[in-house]
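Record features (Swiss-Prot):
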TRANSMEM  41-61  transmembrane segment
TOPO_DOM  62-568  topological domain 'Cytoplasmic'
MOD_RES   353  N6-(pyridoxal phosphate)lysine
MOD_RES   356  3'-nitrotyrosine
MOD_RES   366  3'-nitrotyrosine
């Protein structure tokens, strides 16, 4: 009795014969047309067409989309047109001047030091000069700035200064010379791993800030993707994820795929699933995201990470040292967010925010050392010896790590729980009151310390302008237009919530008398930047802002620049 395989083969015999006939005809047709060409011509045409196909593929499938490049080219050509281009440039120059004037914080009677003094100054003279510089700062001590300074408490400052001083000359690059500093950094990482419920194989690194922490995670997953054969690794991140992911994509030759949000300003998990491709190197969640203070659904995204075997990074730079204490503070979160969630492979958390360490201190943590190894840079062939560094920097200030360790030890678990309790209590009170003010609304359901406001009745940047006039410094956001206030321990202890609400109510009442009025000042510039289709022009204006930071030219001072574009 014939086998099943033999019967199936016999059934397909007619089709195989038909296929053979057509393949023979195709072969004869091609050979017939090639007889009129010499062999060298066939080879030349094959090479040319191969190169054209490769060029076409690379041209179409670049990290930046074809449509985006087409728009840039059109805008560039438009700006070169005689009449239209001149008008655009005139308006652009005026806006640049406005930004430069608003960036001039130097008083009229002050000048910049542009050369070394011929004779060195005494210690007292240097300190007196620095005191003059510090007096130029805005009065952040009053608790009117969004985020920025997260404690500022005098006794803590004294402790941090002393800790930094004791390690001022130390450098983690030389663990053999500074073993105490190595111990400090190892302890900081292990404490953080414990707080985020990492297992025995969890690990991490101390970095200079949230941006570097994010960059390091992206670099690790890029190299992991390279090992898997992915040539153009993609970062799939929510629209609200920090701009540092764009910076990582730019620095490391990756492509970022932004995923839309739901009405509650959380990442749309279905859209994220659709965005996953064979080139996806990592997924991203925020806890919370910077613009609106909303926590992404980490467990749901983690399921995608497990299903498709893709690393998941949780960006907790802003709220990391709040969320780990929320439950003990009496404000438990609805879903887990850390290494307890299967699929979470890395977390970034800033100790220089709600960890109350000095600026320049952050952490990137991994669930397993196998991921961290991809972050490291090692050069085995340098003439100066084998060069290996865990993060971007080579030399780093040991004093910052010492001060970070001091802050962790000084607060302890109870101190952090109490601080979290004060901050969240203040934030929840503000949120409930702001939701009841007619003319504005709160974005999403912020559960931590950031509250974002919008309006359906007027340009929200007008509210930012009026609050600036009252001495507040809020952050301006875009897509959609909004502003936010980040509550810190300084705000909670200064009890500024009542005054903040009073000023918001007064400002909204004033605006609602003429809700359609146009925004002026920096609010208008920010609004214009959001509606400008040519994003290269916006980037050009942003460069003016960055240039101004290092300018030593004396410029006539304009009105105060509100809604700082920088993150906390």
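Positions of Cβ are set from backbone N, Cα and C atoms, glycine also.
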- Note on the structure: One finds that other Cβ atoms within 10 Å of the Cβ of residue 353 (N6-(pyridoxal phosphate)lysine) number exactly 28
- Reduced to three states, what secondary structure does DSSP give residue 366 (3'-nitrotyrosine)? strand
- How would DSSP class residue 353 (N6-(pyridoxal phosphate)lysine) in three states? coil
